[in-house]
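Listed in TrEMBL for this protein:
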type     : residues                               : note
ACT_SITE : B:TYR107                               : active site
BINDING  : B:ASP69, B:GLU100, B:HIS103            : Fe cation 1 binding site
BINDING  : B:GLU100, B:GLU175, B:GLU209, B:HIS212 : Fe cation 2 binding site
TRANSMEM : B:163-188                              : transmembrane segment
Amino acid sequence: MTASSTLAPPAVDQLRELLHRHDLPDTDPERILALVESGRTARADAAELTGLAISAAAGLIAEEPAYAKLAARLLAARTADETREQGILRFSDSVAAAYAEGLLDPDFAGFVAAHADALDGLVDHAHDAAFEYFGLRTLTDRYLLRHPETRAVLERPQHFWLRVATGLSDTVAEAAALYRRMSRLAYLPSSPTLFNAGARHQQLSSCFLVDSPRDELDSIYQRYTQIARLSKFAGGIGVSWSRVRSRGSLIRGTNGRSNGIVPWLRTLDASVAAVNQGGRRKGAACVYLDTWHADVEEFLELKDNTGDEARRTHNLNLANWVPDEFMRRVEADAQWSLFDPKEVPELVDLWGEEFDTAYRAAEAAGRAVRTLPARSLYARMMRTLAQTGNGWMTFKDAANRTCNQVGNGGGVVHHSNLCTEILEVTSDDETAVCTLGSINLAAHVRDGEVDFATLGETVRIAVGALDRAIDRNWFPTEEAGTAHRRWRPLGLGVMGLADVFAALRLPFDSAAALALSTRIAEEVALAAYDASADLAAAKGAHPAYPLTRAAGGVLHPDHWPDARPTRPEAWAALREKVARHGLRNSLLVAIAPTATIASIAGCAECVEPLVSNLFKRETLSGEFLQVSRHLVADLKRLGRWDAPTREAIKRADGSVQELDNLPAELKALHRTAWELPQKALIDLAAARAPYVDQSQSLNLFQASPTIGRLSSMYAYAWRAGLKTTYYLRSRPATRIAQTTVSSNLIALAPADDSAVACSLENPEVCEACQ
Amino acid sequence: MTMLLDSGMDLTLRPMRYPEFYERFRAAIRNTWTVEEVDLASDVPDLAKLSPGERHLVHRLVAFFATGDSIVANNLVLNLYQHVNAPEARLYLSRQLFEEAVHVQFYLTLLDTYLPDHEERVKAFAAVEHIPSIRDKAEFCFRWIDSIGSLHRLETRADRRAFLLNLICFAACVEGLFFYGAFAYVYWLRSRGLLSGLATGTNWVFRDESMHMEFAFSVVDTVRAEEPSLFDSTMETEVRTMLDEAVAAELAFARDLCGEGLPGMNTADMRRYLEYVADARLARLGLPPAYGSANPFPFMELQDVQELTNFFERRVSAYQVAVGGTVALDEAF
């Protein structure tokens, strides 16, 4: 009461008016006002009040997801005020203001000025309603252009979408088509494109694959420089270190012995951490190592948080580049030999039978540094996965066997990228590059079905935009530019698959889900190839096209003889078109993790199940709570979305399996990633693999991993023909005591002596705690 | 049959009397973290963005953290380790001692990073003597450490009750209230996108402290099962008085930190939060609530929910240390 008497009436009235203007169902403006009153300071001005109202609404999302929309609208209103105060009303005003501050490319600003009326006419702020709070918050904090000194926002969300669309287009019509998709959150380019489209340095690519340094000092230092430059402009780096000699190898110049790869990777670690991507996020890199490299065991310890800090790299990600021969020896429980690349330099550039032959010959010639049981190394790999989530399993032979760039003298795939979805050839003077974008499948569901016609259209628009990005792209290193212009690879992916399954009531492990997921992948590939062939007809095939398998008539699905395309006639027509015109792009499809853009779009990440029905997102802009909207809708239908249910879900870490009286159908539908059989995730990935010509960032989940289960799982993934896998996600061994769940509701579990004894004596086989 | 608080130095692990304590020890090991994993880089520019009131709050907060964990460690060594007579419980306490040391190292690193000025650092560490709101909390702790300082064997009923009060004090009031209060400020800052490095380290400290508290309460549960008569109405009265004092001390600290109030954080809300937490501690001890307050801080809800971190942005704190088994190719997964 004292609060309202001292509060400047105009400020609170304004806020009340704003809250009531967005009168959304299931939200209570007066409740927000009460929270604001309680949290405000005596001298609160309008900006502080709006800020508190946004926080208050955001804090209620876990209780009522409708507050996410309200918080988003308050935030959008604040951005509108902030731009209006600077005289920015139209799109062209925003571009002019940002250009005047030196943030934009002159040609881009000129194009916008020349077509100001047509472009301004495209903007529709009503599309702001598509945002949930978390997405708009991320966009506002990190993506919208800001004044270099005042840090005031220079564009509204719809201005932002149109800027990116225009930055990727040659004509107003192209910009309009792309803007329509993006403003409805139906297609989103990846973060570097969102950051840099229309900007001074239009570095639009997400991924760079840098070939292993040659086994010499100058080459190693040259790689640090390249990686730092690539990292500075928001790219993630994949780099191999397999050509560099192992520990104990003779250094002829000094007659000393090498310390192996670890000290070099320490330097890389420090270098990556030092590069800040335009102040927006830290650099990130993944180092790949061939499984035969003699330093592989030390490599697997790089992320341990115990042991000698001088041999640890906390910023790098790690991945194993595994040949089939290794997996066969694991299966056969045979020995495995480790080599110094200085002694056997040919192994790095070989794959398939040629690799197998050379590897066995080197063994027979006694050139191995050391031999150990293959299963002992495999167990070490599994342990690293369990302990750090890192040490991703990627399969060299599957990657090369199916890559369109490999085959007719094109080259060799030596490793993948930071997120294991890109597979492109590299060499000492070619850094592979990929520009990514993802289609939000959730935005393509109409009347309980996937709208394949619209999906195909979105794919064509996306391929056009991704292809134009190649010509606009500014490359931080010459090695990157060279490769990109020759191969013109694209990485078109999808996100929101879990939302589609939920909307269509398909459990992740059902046969119908598998069929639909595969059909989606097939339609995306068909439309993408068709669009690329059309571009080839109009603008010419990419320069290295003659080196590709496609030039020899082999398309990616052909590597999967068991694949059963649902539209053989469309594939036949496509083959004819490709034979006539070639392809504008050597590769087209890659399923990236989409962490940030999925949160902007408010959909589930790529092809992944939900990790929990209730989870928080930690980002640079703070922490936010998300609730599965599908679950809330179902519970509301049952009249069960109430405080006790919410507490029960929270106590169960976002699981609904122990909720009383929940129909089995709903329990099956709302299983989390931890509760689904991982075999189903691998089967889904394997079934879509024929239509993904690069790869997929496939996370796997094991709440309490054991070596036995992990080794079975990854061997299965390899046998299923997956090219790559990504993180192994596990859960904390202990957890924070919940502060906001009534503690008297937490039943004190009576000590069950038999279970305790069992897990003590035989921790690995006891199922009680798994 | 011997009981947990019987004097002596029991060395027998088989048959194990309290396997639960041993399980807690193992679980704690799986959650090892090191200070080097916490990235404080983004905090430094954040500090420059703080308003004077917020800066005052942060400086007071780190000054409290600078000494808080050392006090807990001292009580552990001087009292708990001595009197909880089961080797499996002492395994857990040894592990807890290590964790307290890591926390001290974390807050030391934090202070060195936040306060580049040598004089200011010295002042921060001296806070326990100079700043009344911090000194009062420390004195509360010292009083309870000293309350059983002369006891070397828990011979009488009175001895055991005195020990239990010390144990409950450090679980419910120090780790369970003073630290929980301090954590709330950290999460309030994070809810505004500030000091994410502090929040990350605090997440891990919080996880550890939750486990310490739960261990202490499970010792209480065990003693209660073995010697129910120790828990009478006198004990209840003493616990309630102790919690009242702790809430008052923490509230004085809150007044010092919040001053006239900051956007989203003020003494009135903090009081409700502390009362809410104190009620939760009473409930854990099987006692009726004293205050009946509801949690006023929505950002604390976030704390209860699992994290999903984009590795471009933060380190993931969820991975386990220690995993067992051998290679198999036919297990279900």
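Just so it is clear, glycine is given a Cβ too, placed from its N, Cα and C backbone atoms.
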Cβ neighbour count (within 10 Å, all chains shown) around B:GLU100 (Fe cation 1 binding site):
25
Near B:TYR107 (active site), which of the binding-site residues B:ASP69, B:GLU175, B:GLU209, B:HIS212 can be found within 10 Å, Cα to Cα?
B:ASP69
Report the same-chain neighbours of B:HIS103 (Fe cation 1 binding site): residues 6+ apart in sequence with Cβ closer than 8 Å to its Cβ, ordered by sequence.
B:ASP69, B:VAL205, B:ASP208
Quick check for the class: what is the C-alpha distance, in angstrom and rounded, between B:GLU100 (Fe cation 1 binding site) and B:GLU209 (Fe cation 2 binding site)?
9
If the Fe cation 2 site is taken as the center of the Cβ atoms of B:GLU100, B:GLU175, B:GLU209, B:HIS212, which further residues of that chain fall within 8 Å of it by their Cβ?
B:ASP69, B:VAL72, B:GLN96, B:GLU99, B:HIS103, B:PHE179, B:ASP208, B:MET211, B:MET213
Looking only at Cβ atoms, how many others are within 10 Å of the one on B:ASP69 (Fe cation 1 binding site)?
25
Taking only same-chain residues 6+ apart in sequence, whose CB is under 8 Å from that of B:GLU175 (Fe cation 2 binding site), what do you get?
B:VAL72, B:GLU209, B:HIS212, B:MET213, B:ALA216
Please report the number of other Cβ atoms within 10 Å of the Cβ of B:HIS212 (Fe cation 2 binding site).
25
Other residues with Cβ within 8 Å of the Cβ centroid of B:ASP69, B:GLU100, B:HIS103 at the Fe cation 1 site?
B:GLY68, B:SER70, B:VAL72, B:ALA73, B:GLU99, B:ALA101, B:VAL102, B:VAL104, B:PHE106, B:TYR107, B:VAL205, B:ASP208
